[in-house]
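Pulled from TrEMBL:
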type	residues	note
ACT_SITE	233	active site, proton donor
ACT_SITE	307	active site, proton acceptor
ACT_SITE	335	active site, proton acceptor
DOMAIN	2-72	domain 'Alpha glucuronidase N-terminal'
DOMAIN	76-386	domain 'Glycosyl hydrolase family 67 catalytic'
DOMAIN	388-612	domain 'Glycosyl hydrolase family 67 C-terminal'
Ligand code: GCV
């Protein structure tokens with residue numbers, strides 16, 4: 001930690017920093033203390049002396065000191081006063097993880113920033129400086145774990161050779177407080193162990209995993225555990241043997257328990273057979289299992305019930321499994337959010353879910369209160385700036401900061417990040433903040449306003465495809481989700497429809513239950529309403545749809561203008577990169593608007609109001625666009 005501080009401070013101050021031993025000296029005092037138990041194993045304290053000549057950084061552990069050191073650097077880099085410091089900081093959530101969807105061949109599923117930073121071929125012999133910098137970056141925002149491999153798992157990672165490579169990474173990450181985790185392919189005992197079954201209740205399967213786990217912990221004594229996607233989208237799992245998710249999770253949990261390992265078992269499941277509303281399936285599957293999981297199992301739940309849409313209601317599983325610790329899964333990589341080219345600051349979306357009230361234990365039962373950890377599906381690749389879009393790093397940053405303290409505001413986090421990434425100049429800070437804070441709402445408007453969802457291209461999920469109706473599963477098709485017809489649009493999830501609303505506490509459901517009082521943001525998530533439906537703005541639903549799509553485009557154009565004002569203050573390379581990306585975003589926002597309005601107009605049979613731009617092409621033109629090589633998909 002001294003090394004980090006020396007390196008950064010000598011650059012910031014232009015001279016070496018003085019480390020002193022006593023508070024009456026002038027400089028920085030660093031000490032581990034067992035006196036302040038409230039700091040726990042990761043917390044830290046920063047305190048000025050009475051004369052403001054020395055700052056004491058104290059923690060119970062080296063990792064606490066490291067976090068405190070980074071905090072001090074952040075204060076300095078963001079130009080905060082260093083006098084009368086009295087900061088006491090501990091993480092609110094114990095598990096703060098990245099989930100890489102990185103494959104062993106370095107292809108990143110839903111990755112838009114190059115290939116994986118983990119070069120399995122040259123590991124363990126070659127330690128890329130990037131691994132160290134990755135650990136430093138993560139530690140600087142409090143991330144304390146990383147799942148190295150894709151949830152669509154490959155059993156090969158569990159071979160002896162690859163475990164040596166994992167060990168090499170674990171050794172690099174350890175001094176930065178980062179534990180490594182792997183994804184476990186449920187059928188590994190068959191694929192690697194030569195067994196005829198992976199049935200979790202069979203003793204030979206249990207023994208196979210116990211042996212494998214022992215091998216891992218011999219190499220990596222602080223290995224974190226496994227993340228598992230089972231019986232979901234074709235992945236193997238316990239249901240292949242008529243066992244439950246709890247049976248599968250518990251078998252692995254028992255194997256890692258002697259080493260204090262954990263199992264993060266994903267709730268992202270939807271059945272191949274059930275014709276049930278996909279919204280309801282994860283809850284239906286997991287809620288009855290509450291109380292059946294071992295203590296070291298966490299159920300990992302995506303923020304919303306479907307799949308990382310621009311806006312989703314919170315998943316009804318939050319608060320519904322009081323006997324099971326839950327992990328929140330957010331997606332940093334922008335699969336459905338403009339992918340690698342759109343500027344979308346995701347913190348407001350994360351906050352929307354974390355602050356949502358489940359009402360499970362009365363008013364104020366926020367989603368945050370129901371989770372024990374947060375994982376973010378990483379947006380990192382081997383691009384020179386890690387995340388490709390210069391603003392995408394803000395989402396990685398926000399994930400770490402919110403996992404440390406979910407009460408922090410999106411605005412505070414944005415400001416910190418801007419000051420450290422772009423400049424401390426007021427114009428830059430304020431303008432970037434405006435751009436970032438409106439960006440998510442802009443995207444919702446030009447892609448999926450009023451509660452529309454999952455109307456993106458098939459497979460790659462790039463661009464609009466509201467007419468999509470060709471995939472074998474109904475719930476992979478956009479028409480399944482918007483249900484537009486001559487009577488109206490939206491998915492009826494009230495008691496007269498799929499009744500997904502009943503999965504929420506009545507007080508939470510009440511906010512969405514009536515189409516006349518349901519907030520516009522969620523309307524089409526829960527209601528099929530007529531094209532004439534009167535919106536709170538006084539417009540009809542059709543008019544509101546036209547308004548929102550156009551507003552989204554206007555917001556992106558405003559973002560472009562705001563960025564232009566910053567040209568004098570930003571280096572040419574990054575200025576141009578963002579400018580060009582915003583150009584793409586603007587054109588794609590127009591494309592989304594025109595394609596969607598032309599398509600929905602077939603059902604509404606109403607004109608696009610005269611004040612708006614007319615679509616440049618016909619619906620047929622948009623329907624014929626094809627993108628076989630859009631990135632991120634298989
Ligand atoms: C890793 C969505 C994505 C898949 C992803 C899956 C998941 O369906 O499109 O790429 O697979 O979610 O979260 O498991």
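Note: Cβ is positioned from N, Cα and C throughout, glycine not excepted.
For residue 335 (active site, proton acceptor) paired with residue 233 (active site, proton donor), the C-alpha to C-alpha distance reads 17 Å. When each of the active-site residues 233, 335 is scored by how many other Cβ atoms sit within 10 Å of its Cβ, 233 comes out lowest. Sequence-distant contacts of residue 307 (active site, proton acceptor), defined as residues of its own chain at least six apart whose C-beta falls under 8 angstroms from its C-beta, comprise 268, 336, 454. Secondary structure by DSSP for the domain 'Alpha glucuronidase N-terminal' (2-72): 26 helix, 18 strand, 27 coil.
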